[in-house]
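The signal peptide annotation in TrEMBL covers 1-27. Among the features that TrEMBL reports, domain 'Cystatin fetuin-B-type' is placed at 31-145, 156-260. Sequence annotations record features per position, and here TrEMBL assigns compositional bias 'Low complexity' to 265-281. The region 'Disordered' annotation in TrEMBL covers 265-327, 369-390. Sequence annotations record features per position, and here TrEMBL assigns compositional bias 'Polar residues' to 287-301. Residues or ranges marked as compositional bias 'Acidic residues' by TrEMBL: 314-324.
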Ligand SMILES: *[C@@H]1O[C@H](CO)[C@@H](O)[C@H](O)[C@H]1NC(C)=O
Ligand SMILES: *[C@@H]1O[C@H](CO)[C@@H](O)[C@H](O)[C@H]1NC(C)=O
């Protein structure tokens, strides 16, 4: 079982790894040492670059919400794999929502960060696989937890700043409907209908002003049919994001609107309606061509856990429950446990490679924050404590 192949290649580590995992080899003769993960500084340029790629991959995997940008690296460990299989990085990233929708597929570096009073911030944990000779940079799993900036603190600093509104508020829907009607009226031919409201706030300035952001889909109706048209769209894929405002002043209404359209996308694997996208499916997207190393694009989607983004309410709204200040409740709980076995479990990553040999990496329980490098967390882009997870 421990026999080595005369010409060691990548595919050969499997029996060795399995053996190590099963602890079958006895304590006396481990064929390969178990290397503990290495802590890196959170301001190292190489680490920042990898963290940027990891976040890009997370954004690319998401179907809704806004693109997340990297505010700072909070923690990073590298677990070098045996037999030059590359490394698994355990990243904890402090992130901020930008003003780009994930469906725009824009790189987070090209997106604007929200103004402080509209900020949504939080933390992501990611298991990032890096194999430079194999040209692989791939997030195997992630989870994020986000919260809106503290309404109470914003209100103290800026009593006149807009405050968030419930997306179901009738005024929010009215603002979306009226601003979209204005957009359609000014549009040459194509008509659009509301897909989903994604953000809403309001402010008193000599009258009430409402600000909304919403996704739109193409309407099959022409301009002339307008409101009398009852045709159902053949698909309901969001095609753009609009920002609308409605100001009411002395019984007068002022409406403004701007819309940004998404680049046509190659159909997402597992998408309900792959025929919906007429985009040039085989051309690399801007994002991909900017990326130096990419995972094979046609990798079959494996039953490997990717992740999700969890939205929690304003922290202020939760304070009353745990009255004592130093309660151990985590403000931004992010769970990313692929295993609880301290020796780790092996994970098949063969699907990331073009050659058919089986490749497995060892995944460990997510490292504890307490053992992170003294150079962590790194410096923040937005250093305001209101948008930094504690
Ligand atoms: C990610 O978080 C969800 C809960 O939000 C949890 O059910 C899931 O197990 C987590 N994923 C991993 C790999 O831990
Ligand atoms: C982080 O790194 C940059 C560039 O290497 C350096 O200019 C900056 O001073 C560092 N910041 C901290 C807090 O170490």
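Numbering starts at 1 and runs along the chain as it is shown here.
Here the Cβ of each residue, glycine as well, is placed from N, Cα and C on the backbone.
Automatic, uncurated: that is what TrEMBL annotation is.
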Remote residues contacting the region 'Disordered' (369-390) - C-beta distance under 8 A, at least 6 residues beyond either end: 39-44, 47-48, 69-77, 92, 94, 96, 113, 116, 119, 121-123, 149-150, 153-154, 331-332
Three-state composition of the domain 'Cystatin fetuin-B-type' (156-260), taking helix and strand from DSSP: 22 helix, 49 strand, 34 coil
